[in-house]
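Data first, discussion second: the structure below is written as C-alpha cells.
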Amino acid sequence: MKFTFDTRYAHSPKDIQHLDTTELREEFLMPDIFEPDEIRLTYTYNDRMIFGGVTPIDELLEIVLDKALGVDFFLQRRELGIINIGGAGKLTIDGETQPMAPKDGYYVGMGVQHVVFSSDNPKTPAKFYVVSTPAHRNYPNKHLPFANALAKPMGDQTHMNKRTIYKYIDASQMDTCQLQMGYTVLEPGSSWNTMPAHTHARRMETYMYFDFADPDTRVFHYLGKPDETRHIALSNEQAVVNPSWSIHCGVGTTNYSFIWAMCGENQTYDDMDQIPMSELR
Ligand SMILES: O=C(O)C(=O)C[C@H](O)C(=O)CO
Ligand SMILES: [Zn+2]
C-alpha cells in the first residue's frame, strides 16, 4: 500500500497576485486523488482539513497517521466524512463491517481507532473520497445513504446552472464538531456551479470535481478576492482548496458533479455572502 500525505500552506489574498499558473496549481490543486491500492491525502493549513482519496483494489487500506499529527491514532482528535464515488465496498469500523454502496456516505466520530476500507470487486473498485477536520468530542457514527441526503434543487437552464445539492453531513440532520459535506450534481446542459459566486469568510471549503461527461471535459475553478480572480483548469477527479477569503465558482465544458466540504467558525450552510456580478473582476 502506498500512502501519500501532501501539505498545502495557507495564504494571504495578496499572495495569489504573484503566482503564475504552475505556482497556483502547486499551491491549490490536488491533481491525483484515486490511484489503485493507494491512499492519497492532503493536509491544508486552512483550518487543518485533511482530504483525499482511498482506493482499495486488492488490498485492505487503513489511514494511519500518528506522529505526523502528534497523536496516538488518526481520529484521536478528529472526525471523518466519507463518500463512495466508485463501486460497492465496505468500511470496517473498529471491527464492525458497514457495506458502502455506490454514492453512500458515512460519518465517523472522534475516538474511533480503526477505519479499514475495501472494495467488493477489484474490477469495479470503490473510490472513497474522505475529509477529516479537527474535533473536540465524539458524535455517533452514522451511515449516510444517498437516498437520505437532503436534496436541494437550484438554478435554471437560462443561467446554465440547473443542479441539485445533496447534503450528506448537515447540521440540521446530525451533530458534528465542524464538518459539513455533500455533493452537487449539474444537469446536462448546465455548466456553472454556485453562480452568483459567494464567499464565507467564516468557513473554508474544498472541492473534488468528478463524473465528467468525457475525457476532454475540463472545469475552470475560480478563486481569489472578487476583484482579483484567478482560475485553475481541472481534469476529472481533481480537488482544490479554497481559503475562507476566496470566492469560488466554476464552469465546465460539460456537466459534472463535485463534492464540497467545509469547516470553520459555524455550521450554517446558508451563511454565504453573495457577490454582486458588478464586483467581479
Ligand atoms: O452549486 C452550488 O451552489 C454548491 O454546491 C455550493 C456549495 O455547496 C457551497 O459552496 C456551500 O457553501
Ligand atoms: Zn461555499
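Every residue, even glycine, has its Cβ placed from backbone N, Cα and C.
Remember, predicted model here, so these are calculated numbers, not experimental data.
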Per TrEMBL, what member of His143, His159, His248 joins His198, His200, Glu205 in binding Zn(2+) at one site? His248
In sequence order, which residues at least six apart in the same chain have a CB under 8 Å from the CB of His248 (Zn(2+) binding site)? Thr194, Ala197, His198, Glu205, Tyr207, His221, Tyr222, Leu223, Asn242
Given the recorded Zn(2+) site (His198, His200, Glu205, His248), which additional residues of the same chain have their Cβ within 8 Å of the Cβ centre, ordered by sequence? Thr194, Ala197, Thr199, Arg203, Asn242, Ser246, Ile247, Met262, Met272
So His198 (Zn(2+) binding site), by the Cβ count within 10 Å over all chains shown, scores 15
